[in-house]
Each structure stands twice: as structure tokens, then as C-alpha cells.
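J.: Before I ask anything, here is the structure I am working with.
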Amino acid sequence: MDQTAPLLQKIVEAHTQLRANQPLVQCITNSVAANYVANVLLACGASPAMIDNPFEAENFTRISSALSINLGTPTTEQMQAMQISANTAQQASVPWVLDPVGYGNILSWRSEMTNELLQYQPSVIRGNASEMSGLAGNQVTGKGVDSTLDSAEVYIQAWTLLDHAECIAISGESDFILSKELNSVIQVNGGCFLQPRVTATGCALGALIAAYCAVTDVTIATLSAHVHFAVAGQLAYQTAQTVGSFNVAFLDALDSLTADQISEYANFSIIHR
Amino acid sequence: MDQTAPLLQKIVEAHTQLRANQPLVQCITNSVAANYVANVLLACGASPAMIDNPFEAENFTRISSALSINLGTPTTEQMQAMQISANTAQQASVPWVLDPVGYGNILSWRSEMTNELLQYQPSVIRGNASEMSGLAGNQVTGKGVDSTLDSAEVYIQAWTLLDHAECIAISGESDFILSKELNSVIQVNGGCFLQPRVTATGCALGALIAAYCAVTDVTIATLSAHVHFAVAGQLAYQTAQTVGSFNVAFLDALDSLTADQISEYANFSIIHR
Amino acid sequence: MDQTAPLLQKIVEAHTQLRANQPLVQCITNSVAANYVANVLLACGASPAMIDNPFEAENFTRISSALSINLGTPTTEQMQAMQISANTAQQASVPWVLDPVGYGNILSWRSEMTNELLQYQPSVIRGNASEMSGLAGNQVTGKGVDSTLDSAEVYIQAWTLLDHAECIAISGESDFILSKELNSVIQVNGGCFLQPRVTATGCALGALIAAYCAVTDVTIATLSAHVHFAVAGQLAYQTAQTVGSFNVAFLDALDSLTADQISEYANFSIIHR
């Protein structure tokens, strides 16, 4: 029996729910990504709000349907807001996603904060292969915020990270989602080689996972966000092959994606442990 | 007699003046909107400068032709700059626009700052229906930074805000502009349902009001900015129907808008008190 | 003999190297430009990372192939990061570019910081005519962050700035590059009048100079970045004539630019002292 069919059904349902519910997603994100993340969430049907100061963080997390924390270009005030919001999210059972951009021994300030944030039990931790391998305890030399490793090679190392989160998602040419619930890995194919050549696509994916967490369970949410991105990337490339136009087409595809397109183009498989 | 005809004539003149004068507009705005606001102002013909630190705020406001203050994602340093610049603007008779993003009891830090800034008598206060209703003293539960109320239902509540500013502008499916000078409300129709699905369009509208304030009186400036946006949104939708392309077409339309297009598509009416 | 031919050959080689090496470029830039600068660098083939906090600046500059410092919207923490990274770059022989946005007597905080940063010997200082004239010691009244002077009129004034850097680049309708190595000025023509009507193009050019410095010598790097921009701007205008579409086409052209296009469209000349 095809084990992906029931998952695909749930992805389609989650996509419909996201559009219908327009969940409020608090994003504490970086200066490069802020505008783009907001536009991606709006295109996908969510309602983003970039509340990232420590004076309003607690109140705002309490009324949010999900929280996305991204460590791309942290400031001292944002760091304080991250701690408060992550703590509040755990207390108030608001699902939240941690994106430890640039994790590794070079960027120690954010890496120490990432380690601290783990205590608040993120629903999902997502990142590229270098970041996830580093977070799993390996010595990694990333290239700034871009990965020097292949997602297919490191996803096994990331099993230990399921102590900290329900899902671990590693993006790359193929994306790998480790699910505690399923005790399995889901490999998501598709997307487009141009996605990493547009800045902040990974950051936006993290926020989209959070948005989906507001309307479905964590594993389906993580999978749905990755499939949404992969199919939209594939469709966008059909209309645009250079980065400027591709990015416009990608936002268009995120917006106009239909249940039929998800069903037709979704490409993922389950790897049992 | 058609009371809108003389206003329309002044809108066309203001649009010409904006292009001709390229006024310098200081913007203290949020991290989501900064790039977009600058591009919108450039597209419309103004010269934006996002000087938002407290150490240069006073000097810069003095040489600016207008000031736009937006409370989307404030930092402590920006908050200080806002107070200094608003104070300076009042002293130096520089017109300024206040956009109290997210005003309400949940986001108390910015709301208290908004209340403080009112003492410096903004030329215009603009926002969505939830924000303006909250500012007028009503208990409002906004959805983050998006409105949960309809502009047509709340504009009457906003009359009391004319104690603080010469114009109050409430954006929504129709926009409502309350003018102290005219002792009337102007309802602006048009635009496109996709505008709120592109982030920071409201923030950019606030900055554009400020830009117009540099070249005409406050009521005409507020009206001109809303008409500029509404007509450009309508024209953009004729060429693009999904959010990515729409946003590109919107910037194109803001840029290429002609006097003839304003005259043909402007759609507003006067509601006497 | 045509003196530009050997330079053109080196520009083409540098362009190939940039694509092949994808150098890591640390950018400390402004809130308006952050997203755009990252996308421009990615489109051109470099790997940007906006590490702009003082706690990670030293470590990160050490592993970067180049550094770009831009004073558009500085915060106190960014100012600290700028000093640390500039100092580290000098010590570790990492080439770095200084873009003193808004330099002048009105914006004194950043101007004093710019003066301090000169001690760390930037490889290149770039800016518009007002900024470069001001930095060379003239009394200049800029219009915010836009120039009120013509690059052709002020480039001679900038000779003294070669005490502080190997190259001085002044952008405008024509760009002028002063090279200590060549003891000459190179005038770069081309580009498009729409480039200054898209925000942060100048900021992105500064970061692109840094990226090229990672793969070739400073004079060729500065020239290559300007030619890359000028040719891409010219090609973009062939497909789009309003600012929104132009910006998309410009990113496309930055991405798809070929050696043949560089050879065909590059337009520069040498002005001996």
C-alpha cells in the first residue's frame, strides 16, 4: 500500500485550512528576511506580524497561533524577545519553530542562544545541513549562513535532535524531515535550484512551517510547508529561469497553488528508520 | 455642482508637484517596510531617507520636507528618534504623519509611545480600522497588525481624533479621510483586494501622505496619496492577478501614473458631517 | 594602442572567478538595503552574510573573503560591529569597502564614525558625488542620502582620498574610479537612469565591489563591479522601462550576464592624471 497517499490527503487539507483560517504568526526574524517572510506568509494565506521587541513579546505570543524564531541577524533586544516568546510559547502551548541560522563555532553568540532556546521545546527545528549537523554536535565549517554539507548525508546525524523537538527539517537539494511521531524520515523532492539563490527562502520556509503548525499537527505542518515550497518552486521555474523573475513567479505560485497542483506535483517518500 | 471636481484638480496638481520637487522625506519605519517604503516613494517621485537613530534625528528632521513615523517594529533607539523627530517637526513646522501600527492593549509599548507622540500634533494620523478605533478609545481586538474591523463602520468613531491631527485616514476596502479643514469625510474607492496581501502597503501609504504634505496642504496631500494608491492598484490588477506579479505591476503603476489616468480613474466622494 | 583592452580582459576573468569561487562576503549594511544587497550578491554569484553584531563580528570577518561596511541606517550595535570588523579586516588582510552613506555635516554621528573607520585603511571607498566631495573636505549640502552634485565635477577633488584607500569610486550618470595603482581615473559609462530610482542600488554596488575584491586586485574589482552594474542596467532597460519591472529585469541581468555581453557592452575609458 502507498503510505504517502494518506499524508498527501492531509497536506491538501492543511493547505485548505491555512487559507481558511489565516492564522496569526509572530515572527522574530532577521533584517534580510523580514519583508520577504511577511510576503511569503501573506501569499500562502497566513497573517504575519514581526513583533520582535522584549517589551511586547510575551503579550503578543499569547495571542499568536504560532511563533517563528530565526537567528539570522540578531540584536540584543531581539535576543531578549526570543527568550521571552519561546518561554511564553511553551507555557501557552503555542507551536513554535526554531531556525538556528549560522549555527556553529564561528558564530558563538547566536549558537549559545540557540542552545538556551532548546529548553523551551520548539515544535520544529529547521535549517540547512551544516546548521543541523552542528546542532547535533558535529564540528562543522559552514560558509557563513550557507551550507557546505549535503542534506542527504547528514540527516541521520540529526536523530538525536528529536530529544528537543517533534520534528527536525533539513533543507537541501532534497529536504529531509525527521518525525518523532512517525519514527520515520520523509524525503521531499522537487523545488528548484534557484531557491537558494534567492535570499531568505529558507527563513521564509521556517515561518511557513510555523503557520502550518497553527492549523494541523506538527509532522503534517512541517511536511505541508516543504511540499508547498517544493511544488511552488517547480511551477515557478516553468515560467522564469533567472533569479529576479523566478522570485516573482515563486510568490505567484505560492499564492495560486491549488489542491490539484499539490496532488499532481508533490514528491515525497518515507524512509523508515 | 460636483464638489469633487475642484478636489480632483488639486490632486492632479499635487501629483505634478511631487514629481517636480522630489521632496526629501524622512522615514522612521519598521524592518519589514523599510525597503518597500523607499521604493514606493522613489516610484512616486519623492526622495526618501530612513534616518532613524536618535543621534541624527533632530538635525535631519530640520532639513526634511516631511516626516513619516511608523511603529511597526520599534527598537529602543528608534523610539528615541521618533520622539526627537516628532518634537523637531512640530517646532520647525515640518509636516508629519503618524502610523500607529498595531495600536491596542496587547501591544502596549508602542501604544504608550503613540499616545506620547500625539502631543507633537501630527499633520495626519493614518491606520487601519482596528488601529484607529483603538486610538479613538474603543476596546479593540486586532489580529496582530491586520484589522478585524471595517473602515466603513468605524470612521465616525474617529472624529474625536481630529483634536490631535488635521486629517485622520482609515484604510480598508474603501478608505475614509476625515478632514478638519473641510469638516467632512472623503470616501476613496478603488484600489485592489491584493494590496493588503502585499506586506507594508499601508506603511508605504503613510509615507506617501507625508511626501504629498511637502507639496500641498494636508487635506489634499492625504487625499492625493490615497488616490495615487487606489488608481495604481486598480491599474496594476489589470496586468497582474497574483501577489508577486501584482506587486511589481503596482510599483510600475505608481511610477507611470499620469494626470489623465488620475482624472479618469479617481473615485471618491464627500460625506458631509 | 587601446589601453582598455587588457582591462576588459581582466574584467571578464574576474566575472568568471566570482561565479566559480562564490566568495563569502560579510555585509554590515542598512535596514533598507539588507534584502536587496543579499539578492544582488547572490545574483552575481557571491555568498552574502549580513553578520552585523559586535559579538560575532571579529570571528566572522576572519573567515570572510571580503567585507562591506555601509552607514545607511546605523544602530549603536552595528557601529560597534563596524569598528571591530574593519579593524579585523585590516589585521587579517581581508579586503573591505567603505560606503559612507549620507556623509556630511548634517549626519554627524555616521560621519564621525566614517572618519574613524578610515584608520583601518579600506580597500575602496565608494559613494555618490556629494558624499565623496564631503569626505574630501568640502562643504556639501546633500539632499538626505541622494547626491546634489555631479560625479564628473567632483572626481578631481577626491584625489586626496587615495591617502586612505587604494580606490575611490564615485557613482553618478558616469561613474569615476580613482586608482592609486594606475595613477589614473577610469570613467565608466552605461547603466540606466532608473538605477537610482530603485533604492539601495548604490549600497548593492558597494557590496559587489567587495565581492570582486575577493577574486581579483582592488582596481580590477572596483572596475568589474561597476561594469557588471552598468551593463546589467543597460540590458535590463531593454526589457523594462518602469521601476518595478526594471528592478526585476536588473536582477535577471545581473544573474545571466555573460562574458560576451560584458565584452560587447562595457563602456569605459582611462583619464590620465
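The count begins at 1 with the first shown residue.
Glycine too: its Cβ is placed from the backbone N, Cα and C atoms.
Nobody curates TrEMBL annotations by hand; they come from automatic prediction.
As listed in TrEMBL for this protein:
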- C:Met50, C:Ala200: substrate binding site (BINDING)
- C:Arg126, C:Ser171: ATP binding site (BINDING)
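On this model, are these features tucked inside or out on the surface, and what's nearby?
T.: Mapped onto three states, the DSSP output places C:Met50 (substrate binding site) in coil.
In the three-state DSSP assignment, the secondary structure recorded for C:Arg126 (ATP binding site) is strand. Sequence-distant neighbours of C:Arg126 (ATP binding site): residues of the same chain at least 6 apart with a C-beta under 8 Å from its C-beta are C:Val97, C:Leu98, C:Asp99, C:Ile168, C:Ala169, C:Ile170, C:Ser171, C:Gly202, C:Leu205, C:Gly206, C:Ile209, C:Thr222.
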J.: Tell me whether C:Ser171 (ATP binding site) sits in a helix, a strand or coil according to DSSP.
T.: strand
J.: Under 8 Å, Cβ to Cβ, against chain A: pull out the ones among the binding-site residues C:Met50, C:Arg126, C:Ser171, C:Ala200 that qualify, in sequence order.
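T.: Sorted by position along the sequence, the hits are C:Met50.
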J.: Among the binding-site residues C:Met50, C:Arg126, C:Ser171, say which ones reach under 8 Å of chain B by Cβ distance, listed as they appear in sequence.
T.: none
J.: Give the three-state DSSP assignment (helix, strand or coil) for C:Ala200 (substrate binding site).
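T.: It is coil.
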J.: How many neighbouring Cβ atoms, not counting its own, are there within 10 Å of the Cβ of C:Met50 (substrate binding site)?
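T.: Step by step: centre on the Cβ of C:Met50 (substrate binding site), count other Cβ atoms within 10 Å, giving 26.
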